[in-house]
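Before any comments, here is the structure.
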Amino acid sequence: MGKVKAKSGPLARRPDNSAFKQQRLPALSTMLTANTVLPFFYFLSLISLVLGVWLLLTVQSTQENVLQSGDVFFYYGLRNFHQNLRRYMISRDDGQMVGRKNRLKTPSSYCNPFIKGQNGLPIAPCGAAANSIFNDSFILYYHGSSASLARVPLLRQGLTWYTDKNIKFRNPSTGNMTLAQVFEGTTKPPYWQKPVYERDLLDPNNNGFINDDLIVWMREAAFPNFKKLYGVLHRANTPFTHGLPAGNYSIDISYNFPVQYFHGRKEVVLATLSWFGGQNHFLPVAYLVTSGLILLLAVVLTVVWWKFGKDGRNMEE
Amino acid sequence: HLRANDRPFNLSYRYANNAIKTSKYNIFTFLPLNLFEQFRRLANAYFLFLFCLQLIPQVSSLSWFTTAVPLILVLGITAVKDANDDINRHRTDKQVNNRRVDVLVDGQNEKWMNVQVGDIIKLENNQFVTADLLLLSSSEPLNLVYVETAELDGSVSVCVRVCVCACDDSVYLSSGEVRCEPPNNRLDKFKGTLTLDQQVSSLDNDKVLLRGCTLRNTEWCFGLVVFGGPDTKLMQNSGKTVFKRTSIDHLMNVLVLCIFGFLATMCTILAIGNAIWEVKEGSVFTAFLPRENGIDASLSSFLTFWSYVIVLNTVVPISLYVSVEIIRLGNSFYIDWDRKMYYPKSDTPAQARTTTLNEELGQIKYIFSDKTGTLTQNIMTFNRCSINGKAYGDFCFLFSLQKTDKVDFSWNQLADPKFVFHDHSLLETVKDGNPEAQTFFRLLALCHTVMPEEKTEGELVYQAQSPDEGALVTAARNFGFVFRSRTPETITIMENGRKVVYELVAVLDFNNVRKRMSVIVRSPDGRITLFCKGADTIIYERLHPSCSKLMEVTTKHLNEYAGDGLRTLVLAYKDLDESYLGEWRQRHHEAVTSIEDREERLDEVYEEIEKDMMLLGATAVEDKLQDGVPQTIEQLAKADIKIWVLTGDKQETAENIGYSCNMLREEMKDIFIVAANTAEGVREELQIFNPPGFLIYGKEKISTACMCQTVICCRVTPLQKAQVVQLVKKYKQAMTLAIGDGANDVSMIKAAHIGVGISGQEGMQAVLSSDFSFAQFRYLQRLLLVHGRWSYLRMCKFLQYFFYKNFTFTFVHFWYAFFCGFSAQTVYDEWFITSYNLVYTALPVLGLSLFDQDVNDRWSSRHPQLYSPGQLNLYFNKKIFVRCMMHSCYSSLILFFIPWAAIHDTVRDDGKDIADYQSFALLAQTCLLVVVSIQLCLDTHYWTAVNQFFVWGSLAAYFAVTFTMYSNGMFFIFTSAFPFVGTARNSLNQPNVWLTIFLASLLCILPVVAFRFILIQLRPTINDKVRHKVRKEALPAPPPRRPPPRRISTRRSGYAFSHAQGYGDLVTSKRFLRPLKSRPALFIQKDSVLAQNEPQHYRTISEEPEGSMSP
């Protein structure tokens, strides 16, 4: 046991008198007492109440002003689409998407069964996740006072996390070749209409693997009901400089994505934001409810303490 | 069958040579063998199985490393420990094998490993015995050999072995033949024959020298190697230690099995869910995610079952067993390190010899204690005496607080300086030449069986069979009647500086029935006197009627002494005349030489002469209790621990000790003395002291006895001690602890759940077979009430928390299954799963279980009631486990659904995605870790800096590791292993993420706080009460030491003899009265029936080692 000590003398084997070895380390001894617990509960109840009210007010105010001012975000939503199935989630090749050329031609086996196309060529981007990309397109029209249809301008870029756009997704280095040449020898995923290098021919920074729609889709949703960012209102011109003006709108949907394959629904969401994220009624309500519950608990605790523990008789042995 | 000095002949039998191998592995076999050993443990095998499952791609729901990393870590730690142990074994093997010894045949020095069976070897003093030897001859007279058997049975006493024959030198070169039994592990048996020149002689255990002994006090001896190396009895005996397991171990195993069942249930539910989902939803979703070839819904659900086995494997945590070992080890170190269990006088710290039983120390219900050497010091002091109706030495009791001056014995050059007496008047009386006082001490100096040893002139050491006798002779010595030397016929004493040689006519030895001992001596002036000492009742029957008045006074004194717990003897004498003596000696001789009824006839003869004696007085000897024994027993009793004393003493002595250690009190009116045989065959006399006064006879004796606070079993043999322990274990299912110091306690120490050895006394046998050892009985209080309680508390807290954190962790997966189509998708990042148990939560929980104290040691010992929850298994049991599961279930619901509700329909503050899987995983795992850490803080009662550091450090480490693993660099290097790149940066800067974490923590923790608070208010446990008190009061002052109240009692004490047959025979036999060199006295107690049946108490004179007790 222990180290052999070079001590000698009559008390050679006496253990050290250190606080650690004698288990006398200075310490704070904690106990749940009324003095700490009750104020703590009331305090937390108050905190929750304040937070809840604040969040609720924020949500309410942003909702009222939804169409008047601020950024407006255009989402598409899917219901009952399971992006979170295990086999679906792993059916992708991050190595390919980050632009590794060897992975372009020999995708990871995880992409099964979308590794090779029917012509035997490797699929880029491979895997079930990329293959099932949402491919409806939307055009939003504003029925202004002039009875003419004004197309609402949507920014279709800047929809992704910075890290995704710049780090996680990259095109293979092109050198002096075109993107199409780099992707030569690969084939498009079977459900796609166009190959990956033709996703946005106008803007090379939105084409190939770094196409915003692709990146948004590839950030797989945690739950079967989800919404994904489609575009942001471009507020450069009137009448949209202060958001969407009140009035009638219509949406032109080019319908490509088959709903019957997942017994689900598609939806379109227009939303504005608050400081704590999207239109989220859950947090404010939850905080208000929690505040009430804590208060209730606090009162119960107080009563119990008052009846039993106040004079310390319950602590008598 | 072997021949001496005939190597070719012996080699043909392929006996094992003398090389030994205790190591288990060599370099090449280490890995496979060690892994094999480790995988025999259920938990390891389970995780290996999981690992194999993960290698099947269709099933693997987690990457291989989630199981492999912990498994390799655990296996690695264990392997390193095993390797280290084995290297040490290799080293000692090598050292032992390379020891040198003289081999006779070729007259050279050989290494031990090259010694062959049949060789004759020569051993010298202080050498280790090379192999099992047949003794041929030795340097000592009578061909005796003295050996120390420390390595064999742990006793450092010296034993005697007898050589086979008075072989002369010629034998060594001739070839005798030995036939003996095959190698076995019986240390106390050896059978064989030696054929020498057509003469056959039989061999027994006495003639064999076993490996592991050391030669002592013997210049040289020759021996024939009978068994070598692995065949020796030492090796045959080793390696069969029985592992004791604690009740928590058993509970843990049961729980782990339950968890397996629970795991299977969960997986089945999820597999069924998967089948339903596959039929209803999955079949259409195949457009996006085609099924693999040949997999339909039913097969898919079967695969899902196994996938979920992998995902949910964390309910059986791999680090559980390793952590438990670490905690136990740590708590054992605390015992080794404890200064308050260190005995400075003998420089003995407490020692946890078994590191796996700590928490059991907190659950002890029954303590079985030896008496001699455990409760008592086995030191007798001559305290008082009554001479001719006058009592001496009283006031040391009346003024026990301020000690009176010690009597100065410096006038007597032969006095023992250690002897202390407080009554000057006695010395004066003796010096004045009071005849009664002189006769009194003359008797003490003559009537005994003590052996003197005079190393240098004037420096006397007495070897007494019983310490009582030693004390009496020493008292006589200091009062001027120095017992100097003895021969079979004479006793030399110095009477006040004058040398007087008495002729020893006869010794009327002590035995159990007689309860007295007499000697008949003839003084130089021809007076013949019979001196007798013995138990009061016995002597009183044999006194001359003229003593009746003196008897009354003496009886009064005796009662007083007995009331003070002293052991008393009554002394008497009788003058004899020559003619009567001659006649009596004739009859005595006849009796001695008679073949039939020798014992009875001797008794008759003795009876005849021991009558009409004159009363001299009485002595009172204090059987000194160890320090603090009564207080310790009182404390342990308050802790609701039942104390049984198992002693070989007779009833009066045991009862007396019971009173003096506070076990029995005067108010215990109903004392039942039961003499019966239990149905189980334990023949014992149970003395049952039962405060409620309630007793059922018969077969229910054990259950009755168990209801008593105190039970004293007297006249029990070592075997019966073990049987009593086993009976209680069997019928009460309670934790038992046995404490003892001697070889006769070994069986009981081994039988009990926990064995404690008193170390620092002669004989290490009890210590060697014990689980814990320390030097003083009083340390038992600290061991149980402080260390044991803390260990138990910590272990229970650990288990409770450990199960909580793992269940909570795992159940979240279960809830997520309902959202991910039962596809065995995990909630957390795989790296989080890998390091959750190993990194993020390992140290805080270790800190909790190594440092936590509910109240500190002083309060623990001041409130022994704190101990009782452990006895009732209150801190961790199946109920607590179920409650812990419910709690986990609640927590996991919160921990899944709050993040789900908060995040599933929301976006970041810049409109971008946050409801994605990776952000959700990060949120869920952060919530989990925060909640689990706060829960730990709630469970921690004793916040040391280390705890703080562990908790905050682990949380900090979590964020540091998370940010590192989600960094660009890691992604570029190991792209597919770290797909979470950027998640931490993008979601942990969101207010709603932190709001969610806060909300989840509130909802998880506050109900627990409220629940506990209400429990404290409504039904406070004893712990709460004491803790409440601690907060209100300052540290308790150590309780003042009260002198034990003087008991007024009419109870007569036992008397001062041991219960073995006396040594009268030996004293008068010539054989053992050789001039002694400086070595302990040597007596062989022959294997008489009596010696085997009687417990042996006083080990001052060494006994033959009892082989069956050897480890």
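Residue positions begin at 1 at the first shown residue.
Positions of Cβ are set from backbone N, Cα and C atoms, glycine also.
Please treat TrEMBL annotations as automatic predictions, because they have not gone through curation.
Residues or ranges marked as domain 'P-type ATPase N-terminal' by TrEMBL: B:3-67.
Annotated transmembrane segment per TrEMBL: B:39-56 (among others), in sequence order.
Under 8 Å from some Cβ of the transmembrane segment (B:62-80) lie the Cβ atoms of residues 34-35, 38, 44, 47-48, 50-51, 54-55, 310-311, 313, 318-319, 321-322, 826, 830, 833-834, 837-838, 977, all in the same chain and six or more residues away from its ends. The feature transmembrane segment is assigned by TrEMBL to B:62-80 (among others).
Positions annotated as transmembrane segment by TrEMBL: B:254-277 (among others).
Under the heading transmembrane segment, TrEMBL lists B:297-322 (among others). Counting residues 6+ beyond its ends, the transmembrane segment (B:297-322) has Cβ neighbours under 8 Å at 41, 43, 46-47, 50, 53-54, 56, 58-62, 67, 70-71, 74, 77-78, 252, 256, 259-260, 262-263, 266-268, 270-272, 274-275, 278-279, 282-283, 291, 802, 806-807, 809-810, 813-814, 817, 822-824, 826, 833, 836-838, 842 in the same chain.
Counting every protein chain shown, the number of other Cβ atoms lying within 10 Å of the Cβ of B:Arg567 (ATP binding site) is 24. TrEMBL lists B:Asp370, B:Lys371, B:Thr372, B:Glu469, B:Phe510, B:Lys533, B:Arg567, B:Thr647, B:Gly648, B:Asp649, B:Arg715, B:Lys721, B:Asn744, B:Asp745 with the feature ATP binding site.
Under the three-state DSSP scheme, B:Asp370 (ATP binding site) falls in the coil class. A simple way to gauge crowding: the CB of B:Asp370 (ATP binding site) has 28 other CB atoms within 10 angstroms, across all the protein chains here. Sequence annotations record features per position, and here TrEMBL assigns Mg(2+) binding site to B:Asp370, B:Thr372, B:Asp741, B:Asp745.
Residues or ranges marked as active site, 4-aspartylphosphate intermediate by TrEMBL: B:Asp370.
If you look up TrEMBL, you'll see B:767-1021 marked as domain 'P-type ATPase C-terminal'.
TrEMBL lists B:798-819 (among others) with the feature transmembrane segment.
The feature transmembrane segment is assigned by TrEMBL to B:831-851 (among others).
Through the fold, the transmembrane segment (B:880-900) approaches residues 255, 258, 796, 800, 803-804, 807-812, 814-816, 819, 827, 920, 923-924, 927-928, 931, 935, 996, 999-1000, 1003-1004, 1007-1008 of its own chain, all at least 6 residues removed from its boundaries and within a Cβ separation under 8 Å. Per TrEMBL, transmembrane segment is recorded for B:880-900 (among others).
As annotated by TrEMBL, transmembrane segment applies to B:920-938 (among others). The list of residues near the transmembrane segment (B:920-938) in space but at least 6 beyond its ends in sequence, with Cβ under 8 angstroms from a Cβ of it, reads 801, 804-805, 808-809, 812, 826-829, 832, 836, 840-841, 844-845, 848, 891, 894-896, 898-900, 903, 951, 954-955, 958, 962, 980, 983-984, 987-988, 993, 996-997, 1000-1001, 1004-1005, 1008-1009, 1012.
Look at TrEMBL and you will find B:950-974 (among others) tagged as transmembrane segment.
Marked as transmembrane segment by TrEMBL: B:994-1015 (among others). Residues 887, 890-891, 894-895, 898-899, 902-903, 923, 926-927, 930-931, 934-935, 938, 988 of the same chain, all 6+ positions outside the transmembrane segment (B:994-1015), place their C-beta atoms under 8 angstroms from a C-beta of that stretch.
Among the features that TrEMBL reports, region 'Disordered' is placed at B:1029-1050.
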For this session: Count, for each of B:39-56, B:798-819, B:831-851, B:950-974, the Cβ pairs lying under 8 Å from the transmembrane segment (B:254-277), and report the range with the highest count.
Result: B:798-819
For this session: Rank B:39-56, B:798-819, B:950-974 by Cβ pairs under 8 Å to the transmembrane segment (B:831-851) and hand me the top one.
Result: B:950-974
Exercise. What Cα-Cα separation, expressed in whole Å, is found between B:Thr372 (ATP binding site) and B:Asp745 (Mg(2+) binding site)?
Worked result: 10
Exercise. So what sits near B:Asp745 (Mg(2+) binding site) in its own chain, CB-to-CB under 8 Å and at least six residues off in sequence?
Worked result: B:Asp370, B:Thr374, B:Pro718, B:Lys721, B:Ala738, B:Ile739, B:Gly757, B:Ala766
Seminar exercise, completed: DSSP output for B:Arg567 (ATP binding site) maps to strand
For this session: Using the centroid of the Cβ atoms of B:Asp370, B:Thr372, B:Asp741, B:Asp745 as reference, list every other same-chain residue with Cβ within 8 Å of it (recorded Mg(2+) site), in sequence order.
Result: B:Ser369, B:Lys371, B:Gly373, B:Thr374, B:Ile739, B:Gly740, B:Gly742, B:Asn744, B:Ile758, B:Ala766
For this session: With DSSP as the yardstick, break the domain 'P-type ATPase N-terminal' (B:3-67) down into helix, strand and coil residue counts.
Result: 34 helix, 1 strand, 30 coil
Problem set entry | Protein Cβ atoms within 10 Å of B:Thr372 (ATP binding site), excluding its own | 26
Exercise. B:Phe510 (ATP binding site) has how many other Cβ neighbours within 10 Å of its own Cβ?
Worked result: 26
Seminar exercise, completed: Rounded Cα distance, in Å, between B:Phe510 (ATP binding site) and B:Asp741 (Mg(2+) binding site) is 26
For this session: Across all the protein chains here, work out how many other Cβ atoms are within 10 Å of the Cβ of B:Asn744 (ATP binding site).
Result: 30
